[in-house]
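TrEMBL has this to say about the protein:
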{"type": "BINDING", "residues": "B:Lys7, B:Tyr8, B:Gly9, B:Gly10, B:Thr173, B:Asp174, B:Tyr179, B:Arg184, B:Lys209, B:Val210", "note": "ATP binding site"}
{"type": "BINDING", "residues": "B:Thr47, B:Glu74", "note": "substrate binding site"}
{"type": "DOMAIN", "residues": "B:274-346", "note": "domain 'ACT'"}
{"type": "DOMAIN", "residues": "B:355-416", "note": "domain 'ACT'"}
Number of protein chains: 2
Amino acid sequence: MSVIVHKYGGTSMGSIERIKNVARRVAKWHSAGYKVVVVPSAMSGETNRLLNMAKEITPLPHERELDMLASTGEQASSALLAMALLAEGIPARSYTGWQLPIYTDNSHTKARIISIDHKKILDNLNDGKVVVVTGFQGINENGDITTLGRGGSDTSAVAIAAVLKAKECLIYTDVDGVYTTDPRIVSEARRMSTVSFEEMMEMSSLGSKVLQIRSVEFAGKYRVPTRVLSSLTDPLIPLEEEMISGTLINFEEDKEMESAVVSGIAFSNNESRITLLDVPDTPGIASSILTPVADANIDVDMIVQNQSVDGNTDFSFTINHVDFQRTVNLLKDVVIPAVKARDLAIEEKVAKVSIVGLGMKSHVGVASTMFKTLAKEGVNIKMISTSEIKTSIIIDIKYMELAVRSLHHVFGLDAK
Amino acid sequence: MSVIVHKYGGTSMGSIERIKNVARRVAKWHSAGYKVVVVPSAMSGETNRLLNMAKEITPLPHERELDMLASTGEQASSALLAMALLAEGIPARSYTGWQLPIYTDNSHTKARIISIDHKKILDNLNDGKVVVVTGFQGINENGDITTLGRGGSDTSAVAIAAVLKAKECLIYTDVDGVYTTDPRIVSEARRMSTVSFEEMMEMSSLGSKVLQIRSVEFAGKYRVPTRVLSSLTDPLIPLEEEMISGTLINFEEDKEMESAVVSGIAFSNNESRITLLDVPDTPGIASSILTPVADANIDVDMIVQNQSVDGNTDFSFTINHVDFQRTVNLLKDVVIPAVKARDLAIEEKVAKVSIVGLGMKSHVGVASTMFKTLAKEGVNIKMISTSEIKTSIIIDIKYMELAVRSLHHVFGLDAK
């Protein structure tokens, strides 16, 4: 019988009652003959509780110890889920990342999976057991615990589905699929029954919180059929109904080429913009600025370098807000003295709004429609970045919701 | 320089501020040149929080999964302490039981340590680092996480001190030493500056909560100088003062032979008494009753078999209340049908009070003084058990405090 991987997010595991519901749902699949591997996140709020304690200890906790701490959340929820399954009469066993093991690189707090030893999983599946595997974590070559970063349990689940060649990876979450944009902001947002891999990649990278981008990368690389669906339905709904619910990530893009020009709008209010002022504009300046940042494992997103005036230029880039303080310190201590910039201008919190669609490849004027719409609403654009299937802009946080709603309407995404 | 092992209990680790204080205290020892290994318990309340969630899932959670769950408490507190040390500028590194590893047997929730691989500890100590090791846990031969039972972090600390041949194992706790009895019950209780190993063994086995008995066994077997002292003093008090505070467990009993006849009174309100009624009194009956109980890893404490009447006898024993339900189920399902007992009489909660003293070896009439004192107070004795240096009785819970106070006074233990 087929292997199927279930992943449950923090909200789905958010209380004892919900964990019992997860167990009932998994039991249903197990009883239908599937070989089920379950990857739970930490109970909602738990990871924040742990990280807040760390921050109370010290503003910049040691990252190896931070992983040691944060990984306990998934270990606890995995044990609770295995108990709940056993209490339902389903043979089950939980494993941590180090017990399998799941090997990662050494980048604490944002490690990447290198390999997964699936022997214990297979042995237990063949033995008729449900296998619960902690999401979000692994070990590095030294035997230290590593974590995969926020949302890393999605990546764990898809990677496990890949090595097991699972029939499908079901990402159960507190929404019932992927929407044209966040329905909490735009009530007219529509659920898509399928979304192309490329669009999903852009949506994830742009801050749509449905799936972590690395999980989508894994899904794409290993062509893992991945479905986002709700964990809040009755756990005992018929299997046939559950199997076609949610949104399936689709690898056959050609079929859908004639679809909407823009298929979704992603946004994030968790960006920081940093500008180095009056940098002498010499060859290699971008590399001199960004190499130390990359070496510190800080992801730079959008980059803009202005026209040079009198041999000096302003150099701006955005990062995730989580890296803000670390980046500012690095720039002040290392980069500014090295590149002889005059000063630093910072905007600690800005918003990013992006339109995404495969159809943008073959249609001109999409970005222009975007800019015109925002101009009409009086929204000032601070930065622009474009790729084949998306256009992103940075704006003031206070305009974010207005921008998303207008664009959702203009590009014909509102539900009928 | 000497190796020293510190162990901090849940109360000592009970808040971020207290963890910072632990770090300051450890830093003081490290700066004085000691090679320090620290074994922290879970933050107070954390283990109960985890076990309560398990009980909400199911009344009898699977024990392998229970260990997977419970072990996260110490992992989190160890990581937090390592962070706090690093934030104090002290090089430090935390390790879980599986990372060293600490090998145990397979008895989930009450495993015994088999061996400790101390290579990583020594390497880090020689490298100038403080090593934080999670208490309470290890792994079995299958690589499953095991826990050592309540108070197991004491055992972890003493066992680590033993393999490292540490100068001393310092058990930091929320009391400032071992008392003649619990000062919360008897305000006249006195702190002992030393206590013999034998007395400490009896005190621990009898429910005095200062040290887990297996830690005292380890201390005795490997002659680990072990001191119980307060973690609530100013962490920066002079080292010389701290080094002679608390109560030291003394292995040279002869010195103290002329000391008090009774040196301490231990008690516990966490016992259950179970009686099998009208058991046919055939040879081997005790073994038929107790072997299945021992096989289920349930510790039987006191045992009484009555005089046989018409070939039938009543057979009573006491156990820790934590095993009560499991024991009753086992007796009903397995033992009663096998030994043809008529019925079961249970007292779910009774109290045990014990007088302990090396001097009892050479003095007669001590038990008799105990019984006379209780009779005068109108306390009915339900069971009696004696050994060379202790006499224990089972009584109604409601008389426990009265009994302890009277005995403390009669045996001259009250502080002047």
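Cβ from N, Cα, C; glycine included.
A TrEMBL annotation is a machine prediction, not a hand-curated record.
Residues within less than 8 Å, Cβ to Cβ, of B:Lys7 (ATP binding site) and separated from it by at least 6 positions along the same chain comprise B:Val38, B:Val39, B:Pro40, B:Ser41, B:Gly135, B:Ser153, B:Asp154, B:Ser156, B:Ala157, B:Cys169, B:Leu170, B:Ile171, B:Tyr172. Within the same chain, residues at least six positions away from B:Glu74 (substrate binding site) with a Cβ under 8 Å of its Cβ are B:Pro40, B:Ser41, B:Ala42, B:Thr96, B:Thr134, B:Gly135, B:Phe136, B:Gln137, B:Ser153. B:Tyr179 (ATP binding site): 24 other CB atoms within 10 A of its CB, across all protein chains. The binding-site residues examined here are B:Thr47, B:Thr173; by Cβ neighbour count within 10 Å, the least packed of them is B:Thr47. All protein chains included, B:Gly9 (ATP binding site) registers 23 other Cβ atoms within 10 Å of its own Cβ. Here B:Thr47 (substrate binding site) is positioned 12 angstrom away from B:Gly9 (ATP binding site), judged by their C-alpha atoms. DSSP assigns B:Tyr179 (ATP binding site) to a strand segment in the three-state reduction. Reduced to three states, the DSSP call for B:Lys7 (ATP binding site) is strand. Separation of the C-alpha atoms of B:Thr47 (substrate binding site) and B:Thr173 (ATP binding site): 17 Å, rounded to the nearest whole number. Across the residues of the domain 'ACT' (B:274-346), the predicted structure has a mean pLDDT of 90. The helix, strand and coil residue counts that DSSP assigns across the domain 'ACT' (B:355-416) are 29 helix, 13 strand, 20 coil.
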